[in-house]
Structures are given as C-alpha cells and as structure tokens.
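Annotation source TrEMBL lists domain 'CSC1/OSCA1-like N-terminal transmembrane' at 5-175. The transmembrane segment feature in TrEMBL is assigned to 6-27, 98-120, 154-175, 362-381, 414-434, 454-473, 485-503, 515-532, 552-584, 605-626, 632-651. Annotated domain 'CSC1/OSCA1-like cytosolic' per TrEMBL: 198-256, 301-349, in sequence order. Residues or ranges marked as domain 'CSC1/OSCA1-like 7TM region' in TrEMBL: 360-625. For 691-730, the entry in TrEMBL reads region 'Disordered'.
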Amino acid sequence: MKLAALLTSAGINTAVSVVLFSLYSVLRKQPIFVNVYFGAKIAQVRSRQQDAFRFDRFVPSPSWILKAWETSDEEICATGGLDAVVFVRMIVFSRLTLLLLIVDSFRIFSIAAIVCNFLVLPLNYFGKEMQRHQIPAETLEVFTIANVEEGSRWLWAHCLALYLVSCCACFLLYLEYKSISRMRLAYFTSSMSNPSYFTVLVRAIPWSREESYSGTVARFFTNYYASSFLSHQIVYRSGSVQKLVTDAGKVCKMLKLTPRELHIGSNSMRCGLCGTTTPFSMLPMDADDDQGRSDFGGSDLRKKESAAALVFFRTRYAALVASQSLQSRNPMSWVTNLSPEPGDMYWSNICVPYRLLWIRKVAILVASMALVAFFIVPVSLTQGLVHLDKLQKTFPFLRGILKRKAMSQLATGYLPSVVLIIFMYMVPPIMLLFSTLEGSTSRSGRKRSASIKVLCFFIWNVFFGNILSGSVIERFSKIFKDVNYLLATAVPSTATFFMTYVLTSGWASLSCELMQPFGLLCNLFYIFILRNKDVTTYGTLTFPYHTEVPRILLFGLFGFVYSTLSPLILPFLLVYFSLAYLVYRNQILNVYVTKYQTGGTYWPIVHNATIFSMVLMQVIAMAVFGLKKSTVASSFVIPLIIMTLLFNEYCRQRFQPLFMEIPAQILIEMDRQDEQNGKMKEIHQKLTTSYTQFKSKSRTLGDPMPPNNNCRLEDLEINPGKSPVHHLSS
C-alpha cells in the first residue's frame, strides 16, 4: 500500500469524523434528543421537559470541547466517580507515551514520538540501497524495520529507542499507579457512610431440616460473633420469571381499567405506529431489571429463601475480619466476602448455588475459547485481503477484478478493517453475557470480568490473528515450527493494516460514541412510535467500561509494538488519544450516569495490559534483531525484559493489594471517629434498610446512588418495613 493511499484514507476518515462531529453539534441542540446527550444531567436533577431548554446545548457548538478540556479531575470524580477518573487517566497515560508534559503545560511530541520518528524512521527509510521515489509514492514497507539490511550497525539505534521507550513507560506507569493508589485511599476515607463496609455477603449456608436459612444464620453468627453481630437479611430467589409474572399481573390490571382511568395516568400515551387514538399505558422503565419486584406476602417470601444472606456487623473492622476468615471446616460452606455497594448488587446471581460456580466458570472458559476459535475464520479471510498476491495465487479467478487500481486500494485499504470492525461489535455483548453466567455478585465485577475477556479476545484475534493469518495462506504447515521467525517477518508486514485499523476503528468509533446512534434510534422510537414526550421515563446509560477499556488498551498495544518497528503509526495514535480524551470526558459529564463505584479497580487491568504490551514489544524486537543477524543487539534486549518483569513484580507487591482489600487501619480509624462523634447508633439503625432487594416507590438506601456520588446515609429517605431484615434480639 502506498503512503499516498494511506494519507488519502486518513483524509477521508477525517472528513467523515468532522461531518459527524458537526452533526452531533446540531443534534444536541434539538429538544427531542435532550435525554440522549444530557442523560447524566436529567438523572441528576430529574427536571421536567421544559427545564431541558436551559441546558447548555444551545450555546455555540465548540463549547463542549472547551468545557471537556477545562474540566478538572475533581469535577470528573464528582460526576462519574473514581472509575471515570481512572479511565481518563488511562487515556492520558497512553497519550503520555506519545506526549511529554513540560512545565508550562504545553504538549509536545513525547520521547517515543521524537526518538522513533526522528531517529528510527529515517534509518528505516534509508536502510537499503534502492531507487527512491517521491515520498507519497513510496510503499509503507520502506518506513518499517523490514527495509533495514541484515547486519546493519544502525540496528543499535533501534535498540536504544527500545530502551528509552521502555524506561519512560515504566517511569510514567509507576507515577500513575502511585497517584491512583492515593486516590483510592482517599476514596476509602471519603466514603465513611458506605454501608458495604459493615456488610458481609454469606453464601453456601448449610441446609437444615429443623430451621430455616434465616434461623441458621442467626444461630451461627450469634454463637461465633456474639459481640460484633448486629443483624442479617436473607436473600430471596427472585429472577426474570418472577418479574415477568409480576409485569403480566400489572398488564392485566391495566386492561381492566376504563379509558377515563387510563387518561389519568402520567404514563398514558397513544400508538404512533397504527395511528389509533385509544391511549395505552406503558410499564415504568427500570434500569435495574434484575433487581425485581415482589407483590407477595411474607409467608411466600419465606418459601423463597436462598442459601445466601447479608450479615451486618457493629463495626467495619469486625466485618472485614469476618469476610476474610474461613468460617467452617468445610471451605465450601459459609463462604464470606465483603458485600458490594447497594447499587452494585447483582441480586439474581447471589441466589446461584455456590457449589455450581466452578462448573459455570469452566463452562464459560470453554465457551470463550470456542468463540475465539470461531472468529479466527473471519479474521483470516479479512487479513487475506491485505496480501493480494497470495490471495490471487490461491484464488486465480480474482486476478481480473483485483487488477483494477480502485478495487485493489479498496480491498487492501478499507474492506479488511471494516469487515473486522463489524465482527468485533458482536464480541462485548457476548462476553458480558458470559461474565453474567459466571455468577458475579456485583455489576462492577461483571463488567471487569467482561473487560478482561474482551481484551484477551482483541489481543488474540485482532493482533495475533491478523499477524498469523497473513502467513496461513502461504505457509500453513510451518506456522508452528518457527514462531520466532514468524513474528519477526509478519509483524512488520502487517503495520499497514493496523494503521488503517486505527483510522477506521479508532476515529470512527469516537464519532459513533459521540453521536450515540443506538440512543437516537431508541429516542425516536419512544417519541414517534410510542408518542411519549416525557424524557425522564426513557432510562439512562452507565459507562460501557467493558467495551471502551479494551479498545483503549488495544491501541496502546499497537503503539508499543510498532513504535520501533514502524513509527509511522504513532501520529495516527496521537490524534486518536487526543480526540478520545475530549470525547470521553464529554460523555462522562453529560451522557452516562454513575449508579455505583468500585474505587478505581480497573487500573490493575490497565497496568497488566501495559506490561504485557511492553514485554511483547521487547520479544518481537529481539526476534527482529536476530533475524537481521544482529546478535549483540538481540542479546541486549534480554536484560530489558528481565527488568520489566521485575518492575511489574514490584508494583504487584507494592500497589496491587490496595485494589484487592480495604486497609484495616483505615476502617479502625473510621470506627473510632464514629464512636467518638456518637454516629455509630444512627448508622446501625440505617443499616437495616440499606440493602433493598425488592424495590419500592420510595427511595431507600438500596437504590442506586445519585450521580454526584456525594450523598450520605443521613441524606437519604428511609422506608422501614420494605426490606425483610432479621435483628439480633437483645
């Protein structure tokens, strides 16, 4: 592929992105789309529809860019929580490998971009004695390390660039890990009223003929934790079937209502599809579908007790000790963990028998591997479009079609990336379903598990799949015999494809993220088909960490691997990370709603993925140096790999425990402070209604947290009697 063709495709993608950004500026000014582009503000204020005209979408369109740029991390944390700050810092870190912050806060090319584009790139271009053309007419292969002659002394420059990029990345990674660890400690101290600190989730409660699960829990914790046990709450079996039965009953009640009664309801509307004038009522939308509702009596609830319970303790430290202790001689019974936040609870998975969880995990692992194997077929066919010469040898009937210049540029430039992107959009929902079936007890844990699965899928199918599939057509029988030679030859040759992938998938995905096409279609359906003009009933979206975190980390992998092999990819990544920084900050401020927090637990995923990218970069560089017959440069990479792994081990010992457990020192200080201020008794009273499995109309402590994440237990309305809690009798 020619450099001019790549620049042309970059220009086309830039033009399309500019058009979509302009269309976004127009659409966000329309009153009917206020819930799509200002969902966070609507969720925060719950204003009426006419109040939406006071939002700042009517100011000139570039204002959102300026506001996203000027917003501080404190404002991002107040709106989206610490997880949103971690996500933004992940983009900043990825950009800092390409950019270097100086004292005056002006951003210039980073050490990676300076060293690789001004030192390595010219050496790649002049690496061989060959006939030169005009630079736009040159093929992209002359800008890669494949153009350097074997045994060239200039390979030392590539080795030096590899050391500089690796050392700078480790230094920046250490600073970010240290900074986010401080933020997480500050998050612990600022959330003193969090009821999850007092609550332990108990599963695998032994079944007894003589008494119910509730009596078993009360007897066990009264016997072994008499001084610290406060009360308990049994988790009831409530799933989608029960919800369907409940909703069916509500539909039957609505059908019995007269037209006069239907007009009285605030949710009544008329059908815009068939044009009928008879109004109908819509069931209220609930973002947390699986939390369920219950219209049954207390006797029916007792029959639905599951072998799980929430146990409340008098102090935070007592709850921590109970959650980390082995409760019985049988490790498969009385399993305890600190409970997630009330808004983070995934109630339907808590009822899953604990003895079946390992079977589910094994089954999901097998299903994930089968999904990866299934996607190798479209990836191989997609990558075959890049190697037209090999494709023509395999399929001779395509020679006439591919000889045309327009068809060849289309096949090599756009079709591989576009086809791959279409297939990749199917992966995150499937992985989220897999993570749900694994049995995660929290929504955040489900998304983190899905993020890891999607990231592994992207690394294998997008990166390794495209590298290996390029050689499958030519040398399938030798693919597993010489992996070292395969990486050294295939990685530089696929640089063109990944440059195009950054353009099509990276820039286009940001435009789609900004436009929110799915939200627009749903909004139009509610307005013109259901004729519902109340924007507050449409529901809100939470940030899709399971799709965006793997995408950012995948592009970071591209930047690390190709920084010394094909530095021409760095400017395209630099533009992507700069746009992503603005777009995602705008989405956090205006679009997505934060219903729970995890305290920045996504950063260990970022750290591990970055270390993997660095080690992969070093291994591939060592293989390329060996292929170029520079054994000294290849051997000098081995100490760099060892130092990177030692650095990772130090960070794992120094910082990672803070993201796994809550320090006992902080919890003890919180307990002492509450006891001195006389707040402990008040907290104990509100703990009984903090977790509400069956939602009621009144807000309780079990409802999702408001978007500002600054609410306290004292600020929330209590609705006693709605949550079946069993107290310790005095």
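Residue numbering: from 1, along the chain as shown.
Glycine is treated like the rest: Cβ placed from N, Cα and C.
Please treat TrEMBL annotations as automatic predictions, because they have not gone through curation.
Note that this is a predicted model, so its numbers are computed, not measured.
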Chain residues outside the transmembrane segment (605-626) and at least six past its termini with a C-beta under 8 angstroms from it: 86, 90, 93, 145, 155, 158-159, 162, 165-166, 169-170, 173, 177, 448, 451-452, 455, 459, 484-485, 487-488, 491-492, 549, 553, 556-557, 560-561, 563-565, 633-634, 637-638, 640-641, 644-645, 647-648, 651
Secondary structure tally of the domain 'CSC1/OSCA1-like cytosolic' (301-349) (DSSP, helix then strand then coil): 18 helix, 14 strand, 17 coil
PLDDT averaged over every residue in the domain 'CSC1/OSCA1-like 7TM region' (360-625): 79
